[in-house]
Structure formats: structure tokens, C-alpha cells
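Trainee: Encoded as C-alpha cells, here's the structure I'll be asking about.
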Amino acid sequence: MRASRPAVHPVEAPPPAPTVAAQAQAQEQGQGQGEGVAHPRGVRMKDPPGAPGTPAGLGLRLAQAFFAAAALAVMASTNDFPSVSAFSYLVAAAILQCLWSLSLAFIDIYALLVKRSLRNARAVCIFTIGDGVTGTLTLGAACASAGITVLIGNDLNICAENHCASFETATAMAFISWFALAPSCILNFWSMASR
């Protein structure tokens, strides 16, 4: 009777993982650029400029709030804006835009102070939906007000009886507020879609 013998096959030991000093030295010498170097898990790339929680994002939020507040102040300075529903709609949209932008500006300030990223999936989803809703309302109100302003000024020629300059200024401020909101909305949507 023959007894079975275990077969022994030599196996090479895996090479040791390079240390941080060895990786730095190899990069200085031009070796190992991307070859076999594993990046640590969980490392994310930096937030793009204009994203929530960045200084550019804070600047965009403050610009949105400023121009929405300017549109609101100019429109409210006239005494006959409530007689036209488009102008009342512009005031309501400007109030909503101003409140939304200021609340997100405070969140951005907090994130910058504690050095925290706002790339949480729920937060990005809320920011995207909020920006989409307020952006749509602001753009719709600005377009409606622009149409009424053109009707009053060019078609009916009754600017002498109305505050056409104030209406045009408020409408322009609403459009500028929307232009400041568009990059925030696009960046938030892009961040949400790239997950």
C-alpha cells in the first residue's frame, strides 16, 4: 500500500507594500507614476468651485440674496405694484429667493467655519430641488414682469403715469438673481447625478 504524500509547491511571497517615504522618493525620481500605487479608499476629490460649502458657493448665495432683495426693494418702493399680478408675483418670488439664498448662505458659512463638506446625498438632493423650484419661480416672475413692462412702456405708452424705470430695474435685478442661481443649480444637479 502506498501512502499519499502532500505535494509542496513553492509560492513567492507578495512584495511588501511601499511606505510613504518610498513612494515619495520614487515620485521624486520619476518612477512609479501611477503604476501599482493604490490610492487610499474614501478619498474624494475637492468640491468644485461654486458647490455648497465652498467660498465661491457662498459668494453665489450672497449674490442671489442681494439681487433678489434689490428687486424686492425697488418693486416695493412703488405704490402701484399690487395692481398688476405679475409684479406681485415678482415680489413673492423675490422674497422666497432671498430667504432660500440667505438660509443656504448661513449653511455655507457654517460648513466653511467647521471645514465640513456638504456632499451628503440628502443635502445635495434638497439643495438641488430647492434651487430648481426657486429658480423656476424667479425666472417665471422676471419674464412675466418683463412682459408687462414692455406692454406698459412700448405698446400702451403710459410710462408717464407709471413707474416704468422702477419696474424695469426690479425686473433686471430679478434676472440677475436668476443668473446667479443658475450655476448653483447646475452644480448641485451635477453632484446629485454623479453619485
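Here the Cβ of each residue, glycine as well, is placed from N, Cα and C on the backbone.
In case it's useful when we look at the structure, here is the feature table from TrEMBL:
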REGION    1-50  region 'Disordered'
COMPBIAS  1-11  compositional bias 'Low complexity'
COMPBIAS  19-30  compositional bias 'Low complexity'
DOMAIN    52-180  domain 'Casparian strip membrane protein'
TRANSMEM  58-77  transmembrane segment
TRANSMEM  89-113  transmembrane segment
TRANSMEM  125-152  transmembrane segment
TRANSMEM  172-190  transmembrane segment
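For each listed feature, how buried is it and what is near it?
Mentor: Long-range neighbours of the transmembrane segment (89-113) within the same chain, counting only residues 6 or more positions beyond its ends whose Cβ lies under 8 Å from a Cβ of the stretch, are 52-55, 57-58, 61-62, 64-65, 68-69, 71-72, 75-76, 81, 127, 130-131, 134, 137-138, 140-142, 144-145, 170-171, 174, 177, 181.
Outside the transmembrane segment (125-152), and at least 6 residues removed from its termini, the chain residues within Cβ reach (under 8 Å) are 52, 68, 84, 86-87, 89-90, 92-94, 96-97, 100-101, 104, 118, 158-159, 162, 164, 167-168, 170-171, 174-175, 177-178, 181-182, 184-185, 188-189, 191-192.
Under 8 Å from some Cβ of the transmembrane segment (172-190) lie the Cβ atoms of residues 48, 50-52, 57, 60-61, 63-64, 67-68, 70-71, 74, 90, 93-94, 97, 101, 124, 127-128, 131-132, 134-135, 138-139, 141-142, 145-146, all in the same chain and six or more residues away from its ends.
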Trainee: What counts of helix, strand and coil residues does DSSP assign across the domain 'Casparian strip membrane protein' (52-180)?
Mentor: 106 helix, 0 strand, 23 coil
